[in-house]
Amino acid sequence: MSATTKGGQEPVAPTNIRKRRGVQAEGDTESSTAQDGIGHAPTAQYEQSEDQEQAKLRQANKSYGRTPDGTVFTVPTTHDMVSQLLDPRQPKNLSDVIVLAILGMHILAAYALPSHLKRPVFAAIFIFWRASYNIGIGILLRVQSQHKLLVVKAKKWGIFEDPASGKNPRPWLYHLLKRELEAKIPEDYKLEEAPIEYNTWLLFRRVVDLILMCDFVSYCLFAAVCGSTPDGEAPWATVARWVMGWVLVGLNLWIKLDAHRVVKDFAWYWGDFFYLIDQELTFDGVFELAPHPMYSIGYIGYYGISMMAASYDVLFISIIAHLAQLIFLVVVENPHIEKTYNPPPPRSAGQMQPLDGAKDADSATRDSPATVHNMLGFKNIDLFRVPDYTTILLCIYLGVLSLATPKTEFWQAAFIVHAVLCRLWFSLGLGWILTFQSKEKRFTRHFVKYGESAGEAWRQWKGLYHVSTVMCHGSFIAACWKMYTVPADWTQEWSILKHVTGTGLVALQIWTAVSIYDELGEFGWFFGDFFFNNRTKLTYRSIYRFLNNPERVMGSLGLYGAALITWSRAIFVLALISHLLTLAFISYVEKPHMQKIYGQSIREEAGLTKFVKRSLPPPVKEWSDSVDKVLDEAKAFVEDFVESARPKLAAGVSTIVRDTTALFNTYPARLTISQLNPSLAGLDPKQYSLSLEGTVAQKAASGRSTGKESIHGRFPKDVKTLVLEYGAPIRVKWTAPANHSKNDWVGLYMVIDNRSREVTEVPSQGRWVPTCPGVYDRATDGGIITADKPLPSQPDMVQGEMVFEGDRLWWTQGTFELRYHHDGSHNVMSVSEPFEIKIGRFDEDLDEEVLATGGGVYERAVESELLPLVRNCLDRDPEIAPSTVDEPFGSPVERDSKYAKRVVYAIHHMFGIEFAPAVVPADGNVRKLAWRICNAKQVLAPYSMSKSRGTTTPLGEKFLETL
């Protein structure tokens, strides 16, 4: 599912539509009642009033959909796929018969196949249907989300067009679809009246029904053919296994039903990929229990079925299917949810971006930009930074020591003691520092006493905490390695199950740590509000929407997972000690500071707690309240006792720090050679032409003569190569015969990429625009300005205009060309003149005289050069690109790193200064970025890429005089 909507809320639909339909319904009721009630006025009046109330109630319960073009329509009531297929009261159609027949063939195969073929065959069948779900449906939804491709294809093929209009080439298909779809929705639906987006979604639903039902049935059949009772299993173990399995299956069924109650068919079948319902996004019921419950806890039934089947084959295929579903969530659904329900906010012109506490921490002055050199994550490792260098050396030390020493009792005890000491320092030592930092800023005062700033104290603390975290978890892993022994027989003592369960717990802790870091950032991860007064308010998003302190339990699951894998008492005791210290740290370090800083804004109960309490029966609620009261009194007594004794207890957060990053797969250009299309016969390439225009680079067209050529080679050439600005839009005009193919397209390529001028050998990688709209998807039509305009001088010729901008450009320097292709192929009809895209070097010859006048003048000069460059890098989009040096960048700059990478690339080639992409969203406007450039050039003056102005080598007689 991609979203959740509150079914009980009244939809925000246009009032006139609702009023008009309500009046019409009331009028119909009145007329019918009047006809039936002649001579029975009181009864007729009563029935009329009752019918009116029912009509109003039905009208109020209706939902209204809205298509991308703004069309509002009534969303008919639909039913879930199980009811549609198996409920005899629901109308049936041909597609139901087909689905039931395919399911019957699956069941028949489970009985008919030989025993030795059942497992591999049904494993292959389930993998096929699971791939159809995660890959097939995933591709369809992704192209629909990005390009509305399913709707575009439905329009292009005319499958929902009335044959009477003459636009439908397949009348039989239209009548079949009309009969099939209207049979399922007897009320409020007519195929010819519904928007094409809704009709396309209904057709998509039928495909989804087939895949989901076959996926579930094939999985159950695979579990059935693999099920068995282990040899020597005790009766109590068999009963416990089946009871626990059915409990998990029942819980899974309840999760699915409650989720469907909340989201209805609209979100269950990814309706918001096609249209939107005028209702608010909400989270209710099971959606308060866990993040993405349909894909997280919604698959626990798989493990219940695996438990009842007592088969590792079923368990492993369940894990693979669950992982595939999570990948589907990350790749397909999450990007669409972010785009649809969390779009970037509009940029307020002229409003400066405030710096948060983390940025204030690293800012030396009011005007200086914030540092963006993050500490966590493999991508942020920097060997020039002392904490990173230290952690790598310590990890090498631990690894070498673990591998070089034998697994004797002495060394095992030594590694356990070492892990305990590291945990005690991480918990008690760092907890003591944070406690006094919260009360009297002792850590910061120490650095201020020696003339350092609060920012320096913050940086030193981050390094200390980072090294301590790595040592704490590294020593624990080393101790586990010393205590671990590879099982001699994996089939004995539940060895496989212990390893699988332990690995799952470790993965869950890693996911928890990543979720916490993604939500808190570096400032929250390193307890930044202990050092600075953070002006932001508490927000409960991501994992914090369900849990107030996720590290309390989930942050230590990996420790117990390691204890399961090693099956060692010492590791279990070490995990228990670590968990207890984590709980103490939360209670005596974090919680008092949170109450001191945020006060009443702290939430008392998380979403999971509220959900569990609401689900309890009244007697259990009363008992729970009494237990909570006793625990609160006992807690108050313990706190008073501890405060009176004044021991400072501290503990550390026991979480594994691993910053996972998105993997960007870079595919190499695949060479393709296309054969000449027979449709080229009779076409004259001379009738095709391309011309272009764009913003000419003023400083890039410098002479290429270096003085090393011959006399003839030093003269400038007569023909000047067109040189365009980096990132500026390129307007292209084309001409072609009037009978040219509507599938023609123009692509942008580097000159060196293609050896042939007749056939293009490399893919365009998205840098192309069709000549005519409506042929390809909607996204590609965005580059079309005009199409097929007749030439007044040549009636048999047409012309058009298009623009290459944004992602259709090459964001690098080089020599490029445009190619006109025929009929959707790679056959070239025309090639434009080559042109260059260059970034002009900043005119640094004026540095000395400008700096003599004042550094502010030099900074203004940098700003004036930087502003148009940044505007080009931000696609000249008024919602993103600034119009002045003080105007902040749009929020997409922070969301999509491509903009920042463009800017730092351009700065590197214009000013000779190399920045990390993260500095662009951190600075937030051109003025701060210019300040950073000026400051960097001043610091790196002897090492910059600028021309040297130092003392030159003496020449001639002056050199001889110096000898």
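Placement of Cβ uses the backbone N, Cα and C atoms for every residue, glycine included.
With respect to the membrane, Swiss-Prot annotates ASN374 and GLN412 as residing on opposing sides. In Swiss-Prot, the transmembrane segment annotation falls on 285-305 of the listed ranges 285-305, 915-935.
Remark: secondary structure over the topological domain 'Cytoplasmic' (482-495) totals 3 helix, 0 strand, 11 coil, with classes taken from DSSP. Looking just at the topological domain 'Cytoplasmic' (228-234), the mean pLDDT is 82. Tertiary neighbourhood of the topological domain 'Cytoplasmic' (228-234): same-chain residues 309-311, selected by CB-CB distance under 8 Å and a gap of 6+ residues from either end. Within the same chain, the transmembrane segment (570-590) stays apart from the transmembrane segment (121-141): fewer than three Cβ pairs sit under 8 Å, each pair at least 6 residues apart. Of the candidate ranges 235-255, 312-332, 464-481, 235-255 contributes the most Cβ pairs within a distance under 8 Å of the transmembrane segment (285-305). Ranked by Cβ pairs under 8 Å to the transmembrane segment (386-406), the stretches 207-227, 235-255, 414-434, 464-481, 496-516 are led by 464-481. Between the transmembrane segment (312-332) and the transmembrane segment (121-141), three or more CB pairs separated by 6 or more residues in sequence fall under 8 Å, so the two stretches touch.
Residues of the same chain lying 6 or more positions beyond the ends of the topological domain 'Cytoplasmic' (407-413) and with a Cβ under 8 Å from any Cβ of it are 479, 482-483, 485, 570. DSSP states for the topological domain 'Cytoplasmic' (228-234), grouped as helix (H, G, I), strand (E, B) and coil, give 0 helix, 0 strand, 7 coil. Remote same-chain partners of the transmembrane segment (414-434), defined as residues 6 or more beyond its termini with a Cβ less than 8 Å from a stretch Cβ, comprise 402, 442-443, 461, 464-465, 468-469, 471-472, 474-476, 478-479, 482-483, 527, 530, 570, 574, 577-578, 581-582, 584-585, 588-589, 593, 648-652, 654.
Simply put, out of 97-117, 121-141, 235-255, 121-141 has the most Cβ pairs sitting under 8 Å from the transmembrane segment (207-227).
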